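Note sheet for the following structure.
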Amino acid sequence: MIITTSNDEDKKTNVFVELAAGSFSGALTRFIVAPLDVVKIRLQLQRTQLNNNSNNNNKIIGKENVNYRGIINTMSKVIREEGIRSLWKGNFSAELLWVTYAAIQFSTYNEIIGILDPEYRKHQQRTDKDKPNYKPSSSITMIGGASAGILSTIVSYPFDIIRTNIVNNHNKTNFKQTFKTIIARNGGYSNLFSGINSSLFQIVPQMGFQFTFYETFKFISNKYTSSVNNNNNNPLNQFTCGLLSGAISKFLVLPFDVVKKRLQVNEKVGYGMKSCFRDLYFNEGGVKAFFKGGTPGIVKAGLAAALSFTFFEQSKRILLNKQ
């Protein structure tokens, strides 16, 4: 006979709460940041054409021939040419992506940190306003964030591929059509994981940095605000810390995001990360090519992290209080 301890029950409950809170957070966050995501993808995927002239320093010169320029220009052009609903293009697959990703990410992160640092688990289970300020070590949060990023990326990646291809298609299309088109290419079902190496190169450090920055900023913020309002569940603190952690970590890995998006819509067999890096550098303007869509990408990442952390922390607190 197996005896279930109250500790085991609490652990199970906590995992389900984190999955539910993560799913809710992912769904709501995605809906809000969808327009910025569409703008970012359009900017990242457009090919920059430069003339082949060069000056005495062997630098490429000439005017860039591009369709989209900046957030406002791209957003207004997409609305004008494709309608305002196109800012939520591919939203079904994107919602599946974000719900799956956020649920796995938050629950995995908290489980790993809880194993490596039992004190953190005790702290997370407390919902009272008087709980003490606590931060796990940066090495532990880096491991937890990176591990959560790996697992959530692998599980949700096919939805990311489908979403990117839908957004890249200027004509009307849907989830089913796009799925069939992707697997009909050379490579079949493996195309649903095209560019995953670049994605993991991006996501491992990004999530490691993001959770580490978030825990650090939150600890500092709570240290100075909890003495004033006696509340380290302050949503404004969570939003601000999430905004900073998301924007900084995204900037650090932006080149890998550009390469990942290019590989996701690529139809050439044998065209990998190395070839993509080389083409971007030599054919599309050097180093700056790796920061295409950088502004909307960083703004979106900051806003997404701010909303995601806030929605997760607040919904988790509500769910735990209801038990």
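Just so it is clear, glycine is given a Cβ too, placed from its N, Cα and C backbone atoms.
Some features that Swiss-Prot has for this protein:
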type     : residues : note
REPEAT   : 13-115   : repeat 'Solcar 1'
REPEAT   : 136-220  : repeat 'Solcar 2'
REPEAT   : 233-318  : repeat 'Solcar 3'
TRANSMEM : 15-35    : transmembrane segment
TRANSMEM : 96-116   : transmembrane segment
TRANSMEM : 142-162  : transmembrane segment
TRANSMEM : 191-211  : transmembrane segment
TRANSMEM : 239-259  : transmembrane segment
TRANSMEM : 293-313  : transmembrane segment
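Across the range of the repeat 'Solcar 1' (13-115), the DSSP-based residue counts are 76 helix, 4 strand, 23 coil. With DSSP states grouped into helix (H, G, I), strand (E, B) and coil, the repeat 'Solcar 3' (233-318) comes out at 73 helix, 0 strand, 13 coil. Taking H, G and I as helix, E and B as strand and the rest as coil, DSSP gives the repeat 'Solcar 2' (136-220) the counts 72 helix, 0 strand, 13 coil.
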